[in-house]
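**Student:** What TrEMBL records for Asp122 is active site, nucleophile. For Tyr177, the entry in TrEMBL reads substrate binding site. Per TrEMBL, the feature compositional bias 'Polar residues' maps to 15-26, 382-395. The compositional bias 'Basic and acidic residues' feature in TrEMBL is assigned to 27-36. As annotated by TrEMBL, compositional bias 'Acidic residues' applies to 396-406. Sequence annotations record features per position, and here TrEMBL assigns domain 'Pseudouridine synthase I TruA alpha/beta' to 215-317. Taken from TrEMBL, the feature region 'Disordered' covers 1-57, 382-406.
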Amino acid sequence: SQVLTMAEDLRAAVASQTKRPSSSSEVVERLDENGHQNKRLKRDADEEDAEDQSKKSPKRKIVLLMAYSGKGYHGMQRNVGSSQFKTIEDDLVSALVQSGCIPENHGEDMKKMSFQRCARTDKGVSAAGQIVSLKVRLIDDILEKINNHLPSHIRILGLKRVTGGFNSKNKCDARTYSYMLPTFAFAHKDHDVQEEVYRLDKETLEKVNKLLACYKGTHNFHNFTSQKGPRDPSAKRYIMEMYCGEPFVRENIEFAVIKVKGQSFMMHQIRKMIGLVIAIVKGYAAESIIERSWGEEKVDVPKAPGLGLVLERVHFEKYNRRFGNDGLHEPLEWTEEEEKIAVFKEQYIYPTIINTEREEKSMANWLNTLSIHDFNSSAVGMQANNKNSKNSSDLEGSDGCDDDSD
């Protein structure tokens, strides 16, 4: 039995010997090897990370100055999931992804890039100075790269860095729109006019401007939009200026441009303001209807076609006073881009309005519906009339202002 015990002890000793490394230096070597291996793996990963980081570039909050011709689009605002109605933002987001400014999943969920438009122009409405704010990777030649992926009738004309919390809709303190229309819209209903021959006389232009000036100041515009009652505080709006410029001739038709600047506008508001002035100048409605429309009763206000409406510029006076000269941020003014804006309007916006007017006669057709409106009626008479006057312009949606319902 002693022999057995010795044999077991020997076996155990041999076994433990094979487990134990032959020398302490061997242990260090192995650890060293492992240590190197780990460091090497970490270094490779770090290099890949750095490459990724440079690919990503830092994300920064910026604003883009946009111009577009809105014909053929269902407005500015993207409706994710309804692809049959193409919007300006569909094309913009696609260009941002393709140029590498934003990752693909930010295109699907626009909140991820803090995207905000200044005004949502509606179906067919154009813009010369729309502003959007968003976070992007500031890649080299960013404007050129985005524009390469956009159709020629949508352009990014400028870019500025802004504060991290900037929101283009909330920080905007005024918007200027223009409305281009053929001047025969102001011809009196009792005069038979040849559209191409008609020229606006000085007296009529003065009358138009006198009426447009009535809108200046704060008024209750509940009659100039839908879904707002006379006691809704948000129906009160402040208009800073509104006037019609000197007429000019294009392709044998005389046109004029109405400018309106206001704090913010409701759906259809500008088109209805212009529609009512046309109805008065043409002799369908009395001048007193404007004053009446501020009151509580429902007034039948016709809505001019969407075609001529253009978002001209958006104003950030308060933001510029606070951050424009702080040495870190630029003021949101676009004097250097003025020329590009003017060229874009001449190339894309005005020709579209003029050619569409010539081919589709949207203003001429709309003027024929004015006789259906009852400008003296109460709400009861109006409902009956509205049933009769569902013409195509009723389908066009908002002015592109609609600042409340975002």
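Glycine is treated like the rest: Cβ placed from N, Cα and C.
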**Student:** Count up the helix, strand and coil residues in the domain 'Pseudouridine synthase I TruA alpha/beta' (215-317) according to DSSP, in that order.
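**Tutor:** Tallying H, G and I as helix, E and B as strand, the rest coil: 26 helix, 33 strand, 44 coil.
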**Student:** Including all protein chains shown, what's the count of other C-beta atoms within 10 A of the C-beta of the residue listed as 'active site, nucleophile'?
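**Tutor:** Result for the residue listed as 'active site, nucleophile': 24 neighbouring Cβ atoms inside 10 Å.
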**Student:** Hey, what's the Cβ neighbour count for the residue listed as 'substrate binding site' at 10 Å?
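**Tutor:** That number is 26.
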